[in-house]
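Undergrad: I'd like to ask some things about the structure below.
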Amino acid sequence: MSRVGSRVGDVASRPPSSPVSVTVQFVLAGIVWGSSFLFIAVALTGMTPAQVAGGRLFFGAVTLAAIVAIRRERLPRGRRIWAHLCLLGLTFCVIPFLLFAWAEQHVPSGLASIFNATTPIMTAIMAWAVFRVESLKVGQLTGIAVGIVGVVVIIAPGAVGEIADSTVAQLALLGATACYGFSLAYMRRFLGDTGLSGISLAFGYIAPAAALMVLLSPVILAEPMRLTPPVVGSIVTLGVLGTGFAYVWNQNVLRAWGPTRASTVTYITPVVGVALGILILGERISWNEPVGAAVVFVGILLVQQRIRLPHRART
């Protein structure tokens, strides 16, 4: 999660969790989100990309509905807010979930997790260039440029010669993270002052997204499914944990640590995603992928101002 996105929808004040509990939740959120790419890959062995996205949203919406009911969270009210949330359901859920699922038919799950790490850079671009809610310094603009170079390093070797399915899939992954960046900046611009908790906001855009996929179910379910135990377990885990509990854990970390420290979950997810892809799925990585990922991470550090360019001494 980026610094821009982390500022949106801070949860209402509650008794703080213990430091150990917060740390455990931080690690769990990183592991769950990092393992999501493995679960997508497994689910695709018996389901289409649309079925994976729809199932993930359905179980995520049910889980968040239960959490909202148990915690008695205040729900969004008013047509304007719901119009914004319905749009976010498309740009933050339906479209990127479909793109990730489709892309993982052609690229390893570990590579998908690496591309997901570009979300903070995409968010900075959207917040600065599209919605004008963030002003970027020279160092942050340099970070965006460095991040783009990292993406080119990842994509370029496979794009030499004719464009392969894997290259198109990698562009689809960038499209998905661009959707995430757009959505996080959009929330900052239009939903930053609602007074709602992050959990209520999440339910507000995940529920319409799930409802849309349910309405499209006659088309989505026309394709046969092979619901083996691994497939069912993966799709349920994606929804319940990845789109449900992990969001609650992240909100608790955000409240306890603040947006800057909480956003470091971005650094855990690709490590987990790549490791699980290698250890469980037997995936292999090319030299350019870790090199490009390292360059992307330097770009993220610059964008989030965790490292800064040296100032030139005045003469």
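One is the number of the first residue shown, and numbering goes on along the chain from there.
Positions of Cβ are set from backbone N, Cα and C atoms, glycine also.
Automatic prediction, not curation, is the source of TrEMBL annotations.
So TrEMBL lists the following for this protein:
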- 20-44: transmembrane segment (TRANSMEM)
- 26-155: domain 'EamA' (DOMAIN)
- 50-70: transmembrane segment (TRANSMEM)
- 82-103: transmembrane segment (TRANSMEM)
- 109-131: transmembrane segment (TRANSMEM)
- 138-156: transmembrane segment (TRANSMEM)
- 168-187: transmembrane segment (TRANSMEM)
- 170-303: domain 'EamA' (DOMAIN)
- 199-221: transmembrane segment (TRANSMEM)
- 227-250: transmembrane segment (TRANSMEM)
- 262-281: transmembrane segment (TRANSMEM)
- 287-304: transmembrane segment (TRANSMEM)
Undergrad: Same chain, outside the transmembrane segment (168-187) by at least 6, Cβ under 8 Å from its Cβ: which residues?
TA: 1-2, 4-5, 8-9, 84, 87-88, 91-92, 95-97, 99-100, 102-107, 111-112, 115-116, 118-119, 121-127, 130-131, 133-134, 151, 154-155, 158, 201
Undergrad: Could you count the residues of the domain 'EamA' (26-155) that DSSP puts in helix, in strand and in coil?
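TA: Each residue of the domain 'EamA' (26-155) counted once, the result is 104 helix, 0 strand, 26 coil.
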Undergrad: Per the 3+ Cβ pairs under 8 Å rule, pairs at least 6 apart in sequence, do the transmembrane segment (227-250) and the transmembrane segment (82-103) touch?
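TA: The transmembrane segment (82-103) and the transmembrane segment (227-250): touching, no.
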Undergrad: Check the transmembrane segment (262-281) against each of 20-44, 50-70, 82-103, 109-131, 199-221 and return whichever range has the most CB pairs under 8 Å.
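TA: Counting Cβ pairs under 8 Å, the winner is 20-44.
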Undergrad: Average pLDDT across the domain 'EamA' (170-303)?
TA: 90
Undergrad: Below 8 Å between Cβ atoms, which of the listed ranges 20-44, 50-70, 199-221, 287-304 makes the most pairs with the transmembrane segment (138-156)?
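TA: Between the stretches 20-44, 50-70, 199-221, 287-304, 287-304 has the largest tally.
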Undergrad: Per DSSP, what is the residue tally for the domain 'EamA' (170-303) in helix, strand and coil?
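TA: Tallied per class, the domain 'EamA' (170-303) gives 109 helix, 0 strand, 25 coil.
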Undergrad: Mind checking which residues reach the transmembrane segment (199-221)? Cβ under 8 Å, same chain, six or more beyond either end.
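TA: Apart from its flanks, the transmembrane segment (199-221) reaches 8-9, 11, 48, 50-51, 53-54, 57-58, 60-61, 64-65, 67-68, 71, 73-76, 81-82, 85-86, 88-90, 92-94, 187, 191, 243, 247-248, 251.
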Undergrad: State the non-local partners of the transmembrane segment (109-131) in its own chain: residues 6+ outside its ends, Cβ under 8 Å from one of its Cβ atoms.
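TA: Contacts of the transmembrane segment (109-131) (Cβ under 8 Å, skipping residues fewer than 6 from its ends): 1-5, 34, 37-38, 40-41, 100, 103, 140, 143-144, 147-148, 151, 154, 170, 173-174, 176-178, 180-182, 184-186, 188-189, 263, 266-267, 269-270, 272-278, 281, 283, 285, 289, 292-293, 296-297, 299-300, 303-304.
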Undergrad: Please check if the transmembrane segment (20-44) comes into contact with the transmembrane segment (287-304), where contact means 3 or more CB pairs closer than 8 Å and the residues in each pair are separated by 6 or more positions.
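TA: No, these stretches are not in contact.
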